[in-house]
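S.K.: Just dropping this structure here.
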Amino acid sequence: MKTILAIHTGGTISMSQNEKGEVVPNDENPIAEQQVILQGQIKLITDELFNLPSPHVTPAVMLKIKQRIMKAIDDGIDGVVITHGTDTLEETAYFLDLTLPNTIPVVLTGAMRSSNEIGSDGLYNFRNAIMVAATDESYGKGVLVVMNDEIHTARYVTKTHTTNVATFRTPTFGPIGIVTQNKAKYFQELIRTEVADINHVVSGVFLIKAYAGMDGELFDAIDKPETKGLVIEGLGAGNLPPQTLPAVKRLIDNKIPIVLVSRCYNGVAQDIYDYEGGGIQLKKMGTILCQGLNGQKARIKLLVGISDGLKGKRLAEFVSNAIS
Ligand SMILES: NC(=O)C[C@H](N)C(=O)O
């Protein structure tokens, strides 16, 4: 029988609706009490590590989750499930994907409806996540996200709807598998290349979204010694309005690594256009084009790379290599 560790961190899956219809955190975690599911098939151990709405989750919290999982790996646990708020679930999932050894299945899940709402999806997702974590085929696939009968890779999954239970999607590539008839079925492989075994996290890594008519004001606002890195969600295939360029150039001259992704939902950032502010020119200026990650994931990757002590060319290689 496999032993699975469930680490609870909070979020709607651990919340309930009060008499006024407001969704609020609980002192007693309703999901942690569900010890009975999959009884007889799996030995479930639980740890209520945090009880945080996920907008309260920081990279320091992510690091604590990583350290708890490392201890579980040392203790010989067969798989780990993490319950988490959905707002920042994709960031914690990708942080863990980048920082954990790919030895046992690690699966994140959450809920869009709290524990006492009609059609609550928490217990169902939790049960599926435990089952996926205990499946032999889940080994070697990196950190996974299981929600609404789908299995996604931490690297690409993103929250796409504010309230719908089908909110988690993998743009461009699609999910890696599905859960059907209580079984995990995989139909895509993930080749995983990067692990940065960090034990501290830096601050001062920012994310800015580009827009029509943007100028340099926001870039100038972060041009200070504490700034360690910046991700820009560029336009289309990875372009910027020309008025931003002097400020972007100043940041590059001040040795601040700048990563460029696309603000588009699908596709990748590329050096295609050679006009003022086009991707070709931005690459020549020294921005790092990161293919396949959204802004929030690229920020996590940049933060992890900098926390790992990477600089210059090595940092650029680590951050840009996302499709493999
Ligand atoms: N569905 C959820 O979990 C959303 C909630 N605001 C959270 O991220 O904690």
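Every residue, even glycine, has its Cβ placed from backbone N, Cα and C.
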S.K.: Among Ser54, Ser115, Ser120, indicate the single residue that TrEMBL lists for the substrate site containing Thr86, Asp87.
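M.R.: Among Ser54, Ser115, Ser120, only Ser54 appears alongside Thr86, Asp87 as substrate-binding in TrEMBL.
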S.K.: For the recorded substrate site, enumerate neighbouring residues of the same chain (Cβ within 8 Å of the Cβ centroid of Ser54, Thr86, Asp87, site residues themselves excluded), in sequence order.
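M.R.: Nearby residues not in the site list: Gly11, Thr12, Pro53, Pro55, Val57, His84, Gly85, Thr88, Leu89, Gly110, Lys159.
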